[in-house]
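Colleague: This is the structure I have questions about; it appears just below.
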Amino acid sequence: MTRECPGPAREPGAPPSGPVLAEAAVVFAVVLSIHAAVWDRYSWCAVALAVQAFYVQYKWDRLLQQGNAVFQFRMSANSGLLPASMVMPLLGLVMKERCQAEGNQHFERFGVVVAATGMAVALFSSVLALGITRPMPTNTCAISGLAGGVIIYIMKHSLSVGEVIEVLEVLLIFVYLNMILLYLLPRCFTPGEALLVLGGISFVLNQLIKRSLTVVESQGDPVDFFLLVVVVGMVLMGIFFSTLFVFMDSGTWASSIFFHLMTCVLGLGIALPWLHWLIHRNPLLWLLHFLFRTETRIYLLVYWSLLAIFACLVVLYQNAKRSSSESKKHRPPAITRKYFHFIVVATYIPGIMFDQPLLYVAATVCLAVFIFLEYVRYFRIKPLGHTLRSLLSLFLDERDSGPLILTHIYLLLGMSLPIWLIPRPCTQKGSLGGARALVPYAGVLAVGVGDTVASIFGSTVGEIRWPGTKKTFEGTMTSIFAQIISVALILIFDSGVDLNYSYTWLLGSISAVSLLEAYTSQIDNLLLPLYLLILLMA
């Protein structure tokens, strides 16, 4: 996106600003589009949730401005409750529709559980904001209570007892993760980002526990189990070391050696046996066999390795440039930072076209590496901790205001989530026709192409600014045009994509997500691909 400075602070009692209202308008347009496409009792629940989230978002914004929020949130953005609240419910709705069309009742119910879980965690965040707001906002409480009552009533009569218990389990995990991670990681998230990230982690953790307890009946794909174990393992490892290093200095050689030894113990002694229990085979042998099964995979791995080396060289070159500069405050321009967007586009497009399962696993491995290196940097683990701090500090922006540097991890997640979240059992009969065939490319289009082009053209030739923002009309229009050109190229080179005349929906989806990029102050690397994924899958 086009780089911007935080806008002037609003008075605590002021109404929502223009960009916040414009962002809300885009989100409501998406919600109503999905509602029109689905049109059942669950989509009515999504509309009710959006209405109450819009009102509660204003209360969250006021709490942040007054400094009365329970935890320390990122201050360079609004709360972002509305766009974040709608991601899981809408994703569940479109997943339910796809699996219902394919006659897959199990995953149809899974989509309902995803939607219900998203609504539950969003309502909890709303209750939290209303509970700490003084004086008590009577009108907002009434709207939120009415919407919550409707949602709870419909879900009570739509979910089985086991599904209700599953939703409550995720909600309980979400509450505890909020208390732990928001305390350990101040200023890393807005309330909306915390809801989105921690809600997703809570759901993944609950799925891993559930599948571990029913492993005899489970017949899942090993790559899904691999992703669950990696995500949960890395999160638990971070919580463990964060607690441990409260009582000892993490920057000493003794602590660093202990860190590496405990990482091996946790990986070899817990994560690998857990994965072995789930997939019924040796995880390391399975991974090696999976990675080198075909000649195409070997070529892709070599190609990706070369791109990784090139990315490292870009980081080293920029730091060498800073060292030779007279000003130690040298920062690379936005265009330079977008080099990494071009690199991930070059990484993901061949993987999507030639071997999506390999890309699925490779992205999971890359996520584990990124998180591990961030732990090494954050805890100053020798011998690389201080070096990583120096190298990555050059690429910080206003969104990295907390102790963690998360933007590169968000970029990886934004590109990978469309690959990970495709309900593969519901796509075996070719149901991903029309615009849905572009679902795996949602991250490439929204972030790799759209966000990058908007940033470059907006910062170089943009003159007409969207009201209340630093984003430009020219950046948004070129972003839409570039994504359309990219779709045309995908149609030429990927024979598996056939739009079937769904051009109007595709254009509307790309335009809506581009407008959301222009007005949102949340992490666009994470939010935009999810909204484009939802619209394309619908």
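Including glycine, each Cβ sits where the backbone N, Cα and C put it.
As annotated in TrEMBL:
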type     : residues : note
TRANSMEM : 20-37    : transmembrane segment
TRANSMEM : 107-130  : transmembrane segment
TRANSMEM : 136-155  : transmembrane segment
TRANSMEM : 167-185  : transmembrane segment
TRANSMEM : 225-247  : transmembrane segment
TRANSMEM : 259-278  : transmembrane segment
TRANSMEM : 298-317  : transmembrane segment
TRANSMEM : 338-354  : transmembrane segment
TRANSMEM : 360-380  : transmembrane segment
TRANSMEM : 401-421  : transmembrane segment
TRANSMEM : 441-461  : transmembrane segment
TRANSMEM : 473-493  : transmembrane segment
Colleague: Taking 107-130, 136-155, 167-185, 225-247, 441-461 as candidates, which has the most Cβ pairs under 8 Å with the transmembrane segment (360-380)?
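Modeller: Between the stretches 107-130, 136-155, 167-185, 225-247, 441-461, 225-247 has the largest tally.
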Colleague: Which listed stretch (20-37, 107-130, 167-185, 298-317) has the most C-beta pairs under 8 A with the transmembrane segment (136-155)?
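Modeller: Between the stretches 20-37, 107-130, 167-185, 298-317, 107-130 has the largest tally.
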Colleague: Go through the chain and flag residues at least 6 beyond the ends of the transmembrane segment (473-493) whose CB is under 8 A from any CB in it; none is fine as an answer.
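Modeller: For the transmembrane segment (473-493), the far contacts come to 2, 353, 438, 441, 444-446, 449-451, 453-455, 457-459, 461-466, 499, 506-507, 510-511, 514-515, 517-518.
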Colleague: Are the transmembrane segment (338-354) and the transmembrane segment (441-461) close, by which I mean at least 3 Cβ pairs under 8 Å that are 6+ residues apart in sequence?
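Modeller: Judged by the Cβ rule, the two regions touch, with the required three close pairs present.
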